[in-house]
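Asks: Structure provided below as structure tokens; questions to follow.
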Amino acid sequence: MSPQTETKASVGFKAGVKEYKLTYYTPEYETKDTDILAAFRVTPQPGVPPEEAGAAVAAESSTGTWTTVWTDGLTSLDRYKGRCYHIEPVPGETDQYICYVAYPLDLFEEGSVTNMFTSIVGNVFGFKALRALRLEDLRIPPAYIKTFQGPPHGIQVERDKLNKYGRPLLGCTIKPKLGLSAKNYGRAVYECLRGGLDFTKDDENVNSQPFMRWRDRFLFCAEAIYKSQAETGEIKGHYLNATAGTSEEMIKRAVFARELGVPIVMHDYLTGGFTANTSLAHYCRDNGLLLHIHRAMHAVIDRQKNHGIHFRVLAKALRMSGGDHIHSGTVVGKLEGERDITLGFVDLLRDDFIEKDRSRGIYFTQDWVSLPGVLPVASGGIHVWHMPALTEIFGDDSVLQFGGGTLGHPWGNAPGAVANRVALEACVKARNEGRDLASEGNVIIREAAKWSPELSAACEVWKEIRFDFKAVDTLDPEK
């Protein structure tokens, strides 16, 4: 460009590469109520200062690139850029830092978790200047939350639909997860529901395989639901997995479930994707269906302590995208989940206002401004001996799901369901009487087993089962 044709945008432009921290590290910045705030665990490459690493995260997840560009002069970077505004070392680690980044709200499309994640957890996670990067938490401002529908119905509406109050809901995943014919699958569902469970569930990888096509499964499960409801006088449900290879096919399956009159469908929200999940959540609200969410693939993303996305962020994203239930770990079962961390994101799922609490891994105060809550689902390696702990840890607003802990009963599915229902009712009754479930749990179960042969048999089968492994993802030590 000659001096005679120089444009206003190019005036003052100087080509080349400059340090990110000169533009994107702003420790004097005061965050706004409308900013999306992120807490990143940053592990820089040797020789990279934490200020440069934090600024690089802010830049590459917002307006920045590796070199200066003349089109910067066509917009206001101060208005749109992300800012690393605070950095603190991680206690007990020599090369890890928590970097706090503020993003202006105008960077994100309204009502789109997909767009939010594309920016905040996009290409920056492959940035060479960082050895590892993990998104620990997000503060979603009320102004952005109000652009989302959220869960199709929420906790209170679900209880009203089911007419079930004052206790956790009880579920079961049908096993074996793959290989059953549709008719045998429906029979297993019926036996569990008539035995006293509120829900049964498709496993996350049950979609529409050669051994059991989705339409056949839906029909036999609907028959099982209606037959068990007629026998027990209770409202029953089965999580019919609508997850499919295309969003159109997913919605078609949800439409068929609605036509059958069943109360709930299911989606694998991480493998299915946030766009598909939000579409399904909108359909479920419009058509009176509850939506159960499975988190298959989450551990690929969230299990490593120094790289990925913490599940509390995935849980917040799900509440925004939409779901009435989501699997949250058990604390006591076979799957990963430390107690304090798990209870932290359980509160983020259920409550309307959650204070910052680093002892539970919550980096920001979160106000959901009345967005409906999500029921946490405890599932994975649990059985009747775990019932007191689960009731005490998760409280009434939860779903406790016993797959092998129901279908593994020596007398069959229905007695397995009876054992779990008796154990749950005994724990709720004891808690309401003021007894301490943590210290008296085993006594409470043994007392109930005296008048329930089904529970007695279950207690005998699983009396030696333990999953005593330390969690991989743990809280940082205090300073």
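Just so you know, glycine gets a Cβ as well, placed from its N, Cα and C.
Got these off Swiss-Prot a minute ago, pasting:
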type	residues	note
ACT_SITE	LYS175	active site, proton acceptor
ACT_SITE	HIS294	active site, proton acceptor
BINDING	ASN123, THR173, LYS177, ARG295, HIS327, SER379	substrate binding site
BINDING	LYS201, ASP203, GLU204	Mg(2+) binding site
MOD_RES	PRO3	N-acetylproline
MOD_RES	LYS14	N6,N6,N6-trimethyllysine
MOD_RES	LYS201	N6-carboxylysine
SITE	LYS334	site 'Transition state stabilizer'
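Mind mapping these onto the model and telling me what they sit next to?
Replies: Take the CB of LYS175 (active site, proton acceptor) and look out to 10 A: across all protein chains shown you find 16 other CB atoms. Look at LYS175 (active site, proton acceptor): DSSP puts it in coil.
Listed in sequence order, the residues of the same chain lying 6 or more apart from HIS294 (active site, proton acceptor) and placing their CB within less than 8 Å of its CB are GLU204, ASN241, MET266, HIS267, ASP268, TYR269, ILE326, HIS327.
Around LYS177 (substrate binding site), a 10 Å sphere centred on its CB holds 13 further CB atoms from the protein chains shown.
In the three-state DSSP reading, GLU204 (Mg(2+) binding site) counts as coil.
Less than 8 angstroms from the CB of LYS201 (Mg(2+) binding site) sit GLY171, CYS172, THR173, ILE174, HIS238, TYR239, MET266, HIS292, GLN401, GLY403, each of them six or more residues away in the same chain.
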Asks: Around the Cβ of THR173 (substrate binding site), how many other Cβ atoms lie within 10 Å? Please give the count over every shown protein chain.
Replies: 24
Asks: Could you tell me which three-state DSSP class ARG295 (substrate binding site) falls into?
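Replies: SS state of ARG295 (substrate binding site) = coil.
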Asks: Where does ASN123 (substrate binding site) sit in the DSSP three-state scheme?
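Replies: Where ASN123 (substrate binding site) sits, the three-state DSSP reduction gives helix.
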Asks: Which one of the binding-site residues (ASN123, SER379) has its C-beta surrounded by the most other C-beta atoms within 10 angstroms?
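Replies: Most Cβ neighbours within 10 Å: SER379.
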Asks: Go through the binding-site residues ASN123, ASP203, ARG295, SER379 and tell me which ones have a CA within 10 A of the CA of LYS175 (active site, proton acceptor).
Replies: ASP203
